[in-house]
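Undergrad: Here it is, the structure in full.
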Amino acid sequence: MKIGIIMGGISTEREVSLNSGREVIKYLELLEHEIIPIIIDKKEDVMEKAKGIDFAFLALHGEFGEDGTVQSVLQTLDIPYSGCGPLTSAICMDKDMTKKILKYANINTADWVNVSSVENIDYEAIEKIGYPVFVKPNSGGSSVATNLVKDKEGIKEAVELALKYDKEVMIENYTKGEEITCCMLNGKMLPVLAIRPHAEFFDYTAKYADGGSDEVVIELEENLHKKVEEMALACWKELKCEVYVRVDMIVKDGIPYVLELNTLPGMTKNSLFPKSANAVGISFAELLNSIVKYSLEVER
């Protein structure tokens, strides 16, 4: 099968995408597929460079990768691709929309407000949420332009920074607890990972630098494990996920809260999904092969 590895892109996460793409190429080549690296520098590249491939493995992140755009283009070209469809991708990229759906479905998530300019910052609403808060681009990833703000004085500057990366900014209550991630493959949860960043939170450096954080497989207490699994599965169903996603949570006082869903989890050597799969004996090559297999089974 002729598989195009689509990577690069136009978002702030381009370098992460290129790293993911290189790793995917290295391991998919072991499975005797014909691999074609497709580096995207502008949106129009997909229409031209994807011609002739049998399957597109998406190693993109952020804008044009995780927001449903490239998925729609590939469907128009009748090229099957990895991961979730356009609607789920677009919704999960929009943190505000995701949290509204989670709240409607009675799935725990931290309180938040969104703003689109410095002028419409509602300081009273933020006070009700309670400091400290995370200020971050509504549609960003990899913790780019994300800041932990401990009082009112720091809000304006953090919002201004986040607005450089997105037209909308989320201000979310900082729920202090243990951060965990649940990797979902074809609707089933792989072993849970605990994320223990060496910085104050799981920022860009902690995510992608060697030694930036410790990510370890953990055995949750039975009742908590059941709650976490039920919540991850509820997210999968409510947001109509397909093939694979990563559900990030915080556990505080034995109660899990969903942070966000990642529809195209990173595939670098430091990435969480391969670590979780490896804990049940699924090698990186086998994981990639499963993603291709399950993606081909989805009716688009």
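Glycine residues also receive a Cβ, built from the backbone N, Cα and C atoms like all the rest.
Swiss-Prot feature annotations, pasted as is:
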- 99-293: domain 'ATP-grasp' (DOMAIN)
- 126-181: ATP binding site (BINDING)
- Asp248, Glu260: Mg(2+) 1 binding site (BINDING)
- Glu260, Asn262: Mg(2+) 2 binding site (BINDING)
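Quick one: where do these features end up spatially?
TA: For the recorded site, Glu168 (ATP binding site), the DSSP three-state label reads coil. There are 16 other CB atoms within 10 A of the CB of Glu168 (ATP binding site), with all protein chains counted.
In three-state terms derived from DSSP, Glu260 (Mg(2+) 1 binding site) belongs to an extended strand segment.
When other Cβ atoms within 10 Å of the Cβ of Asn262 (Mg(2+) 2 binding site) are tallied across all protein chains shown, the result is 22.
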Undergrad: Looking only at the domain 'ATP-grasp' (99-293), report the model's average pLDDT.
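TA: The average pLDDT of the model in the domain 'ATP-grasp' (99-293) works out to 91.
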Undergrad: How many other Cβ atoms sit within 10 Å of the Cβ of Asp248 (Mg(2+) 1 binding site)?
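TA: The answer is 18.
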Undergrad: Is Leu161 (ATP binding site) helix, strand or coil when read with DSSP?
TA: helix
Undergrad: Listing them in sequence order, which of the binding-site residues Ile126, Val133, Leu161, Glu168, Thr175, Asp248 have their Cα within 10 Å of that of Asn262 (Mg(2+) 2 binding site)?
TA: Asp248
Undergrad: Counting Cβ atoms within 10 Å across all protein chains shown, which of the binding-site residues Ile126, Val133, Leu161 comes out on top?
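TA: Comparing the binding-site residues Ile126, Val133, Leu161, the most crowded Cβ belongs to Val133.
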Undergrad: To the nearest whole angstrom, state the Cα distance for the pair Glu168 (ATP binding site) and Asp248 (Mg(2+) 1 binding site).
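TA: Spelling it out, the Cα of Glu168 (ATP binding site) and the Cα of Asp248 (Mg(2+) 1 binding site) are 21 Å apart.
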Undergrad: What kind of secondary structure is Gly154 (ATP binding site) part of, going by DSSP in three states?
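TA: Once the DSSP labels are grouped into three classes, Gly154 (ATP binding site) ends up as helix.
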